[in-house]
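A.B. asks: What TrEMBL shows for this protein is this:
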- HIS92, ASP94: Fe cation binding site (BINDING)
- CYS100, CYS103, CYS136, CYS139: Zn(2+) binding site (BINDING)
Amino acid sequence: MNISIKSILKAHDLRLTEPREHILQLFLDKAYALSQPYIESSVNAAIDRVTVYRTLKTFVEKGIIHKVPDDTETAHYALCSPACEGGHGHHHHDHVHFKCVSCNLTQCIDNVHIPKITLPTGYQFLEANLLVQGVCDKCHSA
Ligand SMILES: [Zn+2]
Ligand SMILES: [Zn+2]
Ligand SMILES: [Zn+2]
């Protein structure tokens, strides 16, 4: 049993269940965003689609993972980092996401933030997503 899975779930008041352990392990194994179809195919028949969906929803609500913007219709998620907790005492995702056109993987750029957006009077800001596309450092040096 991986100790960090246990401690992550415990820190977010979640009971350890097999689907949670399984799905969290997928995120810990990869340094980039995972698509919902990838997660579904990785857990294969072990966890049904509804449970995958519910587990991802719970992880998002608890601040373990966050939704990542994508230029396709597919939902992508990435592991939250300590940077999500910083700032004004609430969990936030104002960092830039980077999608590599070569390896097709999307990653969080935790130390690059979306510039402050000023909206016209009468508009209420909820959230901003920024997906930057280019060639990542690994593909660039390859
Ligand atoms: Zn987060
Ligand atoms: Zn790449
Ligand atoms: Zn992110």
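Here the Cβ of each residue, glycine as well, is placed from N, Cα and C on the backbone.
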A.B. asks: Sorry to bug you, but what's the C-alpha spacing from CYS103 (Zn(2+) binding site) to HIS92 (Fe cation binding site), rounded to the closest Å?
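C.D. replies: Per the Cα atoms, HIS92 (Fe cation binding site) and CYS103 (Zn(2+) binding site) stand 27 Å apart.
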A.B. asks: Which binding-site residues from the set HIS92, ASP94, CYS100, CYS103, CYS136, CYS139 come near ligand 2, judged by a Cβ under 6 Å from any of its atoms?
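C.D. replies: By the Cβ criterion, which requires under 6 Å to ligand 2, the hits are CYS100, CYS103, CYS136, CYS139.
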A.B. asks: I want to verify one value. Collapsing DSSP to three states, which class is CYS100 (Zn(2+) binding site)?
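C.D. replies: For CYS100 (Zn(2+) binding site) - judged by DSSP and reduced to three states - the answer is strand.
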